[in-house]
């Protein structure tokens, strides 16, 4: 697997992530179970985005010093494009979490605890998936066509799909978990497990955590191949992906109260997936530069938010009228 990642870059990335996670876990432990306010969520979102951009700037500077701008510029652009793709696709993941918490009636104060462990699990699972994907691509380059076709199909499916939280409890996976886990009927404070009559029982909070992890894996199956369309370098794919998901918890609390205001977002994300799928399928006939890919993804997101704002304005006007 060819990569620009050196021991210094890998080590620096690991240290930054470890420090930020330690700070996050320390704050979680000191404050206990409580809901993150909109102000706190906005502040933490800004912290994570700023940290990601600073890392990319340091990454670019390091490559300029060691490899020159001919290498540094496209690699930094690849990181930024991958980060933007993952960050935008992660919004759909956030909406699924919102449905899970709503269906299982998880109090806002406990949602943060679930997401702390959910993000930690996502880091481990995505790291495994990214290195596996990088190895597969290095051995079988034709697998990019499979990724492209899958993203094209997923984009069309996303545009046509309709999510309904009322059917979550009837999903085969949920029924299987409930049937095979010794589980209590109600949430017991912030505990994932409790002891009753000498036996260990999982609480519904543990079920929600499992579903949060599985939902992230499902979305990673979309988002990771999407970043491979930009670059196959495992260092850039992993760092851009993890920096994007590290801010997911703050993004959730930022968007949780206004989720219904983003009705058009899934269509924009669907267009992004279709574009990336086509990019992967035509790679042998026409190479779309990274800068163009970044511009297209950014442009689609901007247009989506403009259309969404217009739709909300029309709905609000009709409601008042």
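Using N, Cα and C of the backbone, Cβ positions are placed for all residues, glycine too.
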One side of the membrane in Swiss-Prot: residue 6 and residue 192: no
Candidate ranges 7-27, 90-110, 199-219, 262-282, 287-307 - greatest C-beta contact count to the transmembrane segment (136-156) (under 8 angstroms): 262-282
The topological domain 'Periplasmic' (1-6) - residue tally per DSSP class, helix then strand then coil: 0 helix, 0 strand, 6 coil
Dominant neighbour of the transmembrane segment (90-110) in 7-27, 44-64, 199-219, 226-246, by Cβ pairs under 8 Å: 199-219
Whether the transmembrane segment (44-64) meets the transmembrane segment (226-246): three or more C-beta pairs under 8 angstroms: yes
